[in-house]
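What Swiss-Prot says about this one:
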| type | residues | note |
| --- | --- | --- |
| BINDING | His239, Asp241, His386 | Fe cation binding site |
Amino acid sequence: MWCRRLACLLSVPCQHTRHRLLGPSCGRRTFTAAVARWHHTAPESLSCAWQLHGDHLELRYADTLMRFDFVWLRDHCRSASCYNAKTNQRSLDTASVDLSIKPKAVRVDETTLFLTWPDGHVTRYGLQWLVKNSYEGQKQQVMHPRILWNAEIYRQAQVPSVDCQSFLETDEGLKEFLQNFLLYGIAFVENVTPTKEDTQILAERISLIRETIYGRMWYFTSDFSRGDTAYTKLALDRHTDTTYFQEPCGIQVFHCLKHEGTGGRTLLVDGFYAAEQVLRQAPDQFELLSKVPLKHEYIENVGDCHNHMIGVGPVLNVYPWNNELYLIRYNNYDRAVINTVPYDVVNRWYTAHRTLTTELRRPENELWVKLKPGKALFIDNWRVLHGREAFTGYRQLCGCYLTRDDVLNTARLLGLQA
């Protein structure tokens, strides 16, 4: 999923540029040759090798070729004087580190890198820690493991709902729910008492509620009490919410408390699955959608509600080091005037947007569900688009937004990668 793998990691030749090598290797020899060369932890072993350059250390370990700037190596020292292991915070003043610093001696054994600095301070790094935290290592990892889906994939997965009592009272139930949510971007809780108060208790099990211009917990009917198409009986096309916030709300909770009529099914589309298809078909268009910033806007003047919100960002948001998609900002209702895009890019942007929209609207990518009293739906608003078919009669939903950081925090505390 949008991870660029390093190719031919072990095919990099030794560089014969002139740098003075300092200090002993593995405690056996002192290298003073003027030509950079690889040094190994043992004569017969190629499991770990390193060489010094003018401003960085090059290390080959666990099939990964890594480069570490000397300032980085000094700044990230985990010694007691540089790092507080109790608070997991840096103690070293980074601004005090000489930007031209070089180690006085370097030694590597089977598990550890040792660096001695000009002032005599010794830094130790576990080789596995370096692999995990190197730029090269991070390029090969995903921040958030996911299963991308269309309707058929999701149905075949038979992802179970979690019982409300298990969700509220056991870590096992909560962990199962969060695992489903992290992998698929949606998750259901069943047997919830159909009241706003009980839905709030459910939501607060995993996160603080994010208060917005809509309040904390809200009732959702077709009375047009707010200046938004959602407060009608009309169909809603697929979209993500609060694109007009600088940081869109991370998670949305829906619970249908009552519906006396027909229609009103909820539409769910995995935006990341659609974006993956764009990446495969037209990578240049994917890149354009990830780089061109757009404004989204919400202007409201209904009753006592007066708001003017503006959020700016590209449709697709990716981590730059591994090209992993982490947020889709897609809402054609709230997209503002396009005035942040140069004339000669506008048509290419519309073409890319059309390609993405085509994927989002493919019938095979649409998962339709009927929300009923007692079944709460949690949606990753940074990933899964939602919509609604038109309906008749009285329909009442309640729900809220959750702070994404708190949901992910809960997941990590339960041992999940999030």
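In case you wondered, yes, glycine gets a Cβ from its N, Cα and C as well.
Quantities reported herein were computed from a predicted structural model and do not represent experimental measurements.
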Distant-in-sequence Cβ neighbours of His239 (Fe cation binding site), under 8 Å, six or more positions away: Tyr330, Asn331, Asn332, Tyr333, Asp334, Leu385, His386, Gly387
Neighbour count (Cβ, 10 Å) for His386 (Fe cation binding site): 21
Output field, Fe cation shell: CB within 8 Å of site CB centroid, site His239, Asp241, His386 dropped: Leu236, Arg238, Thr240, Gln252, Asn331, Ile379, Asn381, Leu385, Gly387
Asp241 (Fe cation binding site), number of other Cβ atoms within 10 Å: 19
